[in-house]
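Structure record follows, encoded as structure tokens.
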DNA sequence: ATAGGGTTAG
């Protein structure tokens, strides 16, 4: 029967012979049952309804097997209401009808109603097929534990399992959260004992289960089962490929894939997602292209995987093209299968910073699941839209720890460390168990806030929970202790970590570097190389920063060269900027200019900012103006350029130019940072001072600076730059403090010295090396409040603790 | 009346 002939005519049934009528109906229903994949279900449903109406109109009393078949077909075609109505009108529905409804409910995703039907069925009714339907219902819904429980109950009730049972329970068990090898082996034995140990279906499911165990032993069991199989089908091979992919052994998967004679669509999809997981996006795309050229059917899994490749590689236009393809040529997915595609689209667009697009997709999802919410949340978080992220976070279901983790680490990354700690407390109040990454987030929050005591306590808690072997939290701990000035503790954490990775090395090198121990940083770097860990871009950035802070100019140059020569890592703009910074600070401006000329790409804003900062130290006015011009063109709204340039003019005493730059800034509507002026501290910490001199906090800072200045003079340090007191009255009758105000001169001069010297002074003041931390100790030593700004963060130091108080 | 494989957020 072809699609065009439906719905068919029922005129053929004209006889009044009851037996013949029943036979005709049964034959028609048989026909429907055999038409599973030939036609769209909506068309079939229309035909079925017509047939059903005909049966009702004929006054014929259908027997139970006909009714059951009707119920089954209604269920299959998704018309659960009709199936249920028919079921309810059936006198004493038997186990077959009940099984049909269990399937109908579980296929519709309502496993609760399926279970209700299961529970309502008396035990003496139940047979093997009935249990099988419930078990496979659970496995299709991804609910492992109840599936396994139903299986156990089946054995207890004395109903014999068959190969369907084991196929179902094995695939249900794959969803168990605490799946382990022992359970796999138990099920394996049970299947063998029940005499189903040679069924291809069962063994395929068993291989898949072993592969999901994620251990080498389990993987070898999977291999053994595979090797001992007498008959294998395409699915066996497919399962093996999927197993290799899951283990991350993409090349083994590819080998099998290439020799497979007949490939299921699934195996293509598995290869795409495998390549995505190994971050080989080009290969993933290659598979997708081959699928297209072979005109293989592309389903929602294909699209999800390939879009995920686009999202991870940041390929906006590729992703958009695939999206367009889905809209134009794609099959119309039912809402359930369309959901993952829409979810990954949200991720794709938010990763490409098209948040409005992402939001539009997100708003268009009727049945949002946790993945949708989390995708939108992390989209906002990663783009720094904390306000929107907060809103989403409050609206969404928060029963898993994931949104908490995303929100907490998002807050930390965007400079809301104190709020992150508050959220962490709220999380614990709501009895959500924090995961390891959450701890990583709050450790870095503590580091940002300089909250050493709090950090230590949480570290203790973390050890209690048995997380100490993890790397993400360990690496965060290194940085936390380093930022809090506890370099020894940072080192200890590093030494005690069972398996350090390149991030750990980078963190500990940065820790020593930031504390001014350039030599130790370099030594650690050499040890890392000796231990066979490959340095990455970040390592070099760290080591260059360390050289910069320690004033190790030639070493910096050497490592910069080594980067490309020895490791084939081409330096990025940030590496060049760091190098120029090093040269600039050493006053080697000509060399810095040469570096800019030799760069393989146009100098970007970070380069020119380094140049400008370099000029401030050994006043090269012409170059400063040149660099500032570049910056004005590239990022005209960036306030830093104006401030730096006017500072340089000020150090030459060219006050008209200072005024001109300030006017330029006003005319262009460049927003100054709210209510503060600033000085730069070794390129790391920016100290901002409130304009409003009546602010109590500012008076504190003034007196602190006086104390510091006095101590400095005592130690024999004389500020080496010209400082002039300049009080400019603005329209708002506030004081604008130039960075050259005499009271700031001390810090300014102090921080213009090489780091080694700074550290020495700070050490004499019983202050540790990290500038951020230095301020903390300064505030303790002088018993004053100090306000500091680090990047986007405002910190308020008082009584040896630091917080992000609403100071302004 | 029932079965085995693949997808998305971090």
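Cβ coordinates are placed from backbone N, Cα and C, and glycine is handled just like the others.
Database features (TrEMBL):
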| type | residues | note |
| --- | --- | --- |
| REPEAT | A:127-161 | repeat 'PPR' |
| REPEAT | A:233-263 | repeat 'PPR' |
| REPEAT | A:264-298 | repeat 'PPR' |
| REPEAT | A:369-403 | repeat 'PPR' |
| REPEAT | A:404-434 | repeat 'PPR' |
| REPEAT | A:501-535 | repeat 'PPR' |
| DOMAIN | A:716-808 | domain 'DYW' |
### Task
Kindly state the mean pLDDT of the repeat 'PPR' (A:233-263) in the predicted structure.
89
### Query
Where else in the chain does the repeat 'PPR' (A:369-403) make close Cβ contacts, counting only residues six or more beyond its ends and a cut-off under 8 Å?
339-340, 342-344, 346-347, 349-351, 353, 355, 358-359, 362, 409-411, 413-414, 416, 427, 430, 432-435, 438
### Message
For the repeat 'PPR' (A:264-298), how many residues does DSSP put in helix, in strand and in coil?
### Response
26 helix, 0 strand, 9 coil
### Query
Residue counts in helix (H, G, I), strand (E, B) and coil for the repeat 'PPR' (A:127-161), per DSSP?
26 helix, 0 strand, 9 coil
### Query
Quick one: DSSP breakdown of the repeat 'PPR' (A:369-403) into helix, strand and coil?
25 helix, 0 strand, 10 coil
### Query
Would you list the DSSP helix, strand and coil counts for the residues of the repeat 'PPR' (A:501-535)?
26 helix, 0 strand, 9 coil
### the repeat 'PPR' (A:233-263): DSSP-derived helix, strand, coil residue counts
24 helix, 0 strand, 7 coil
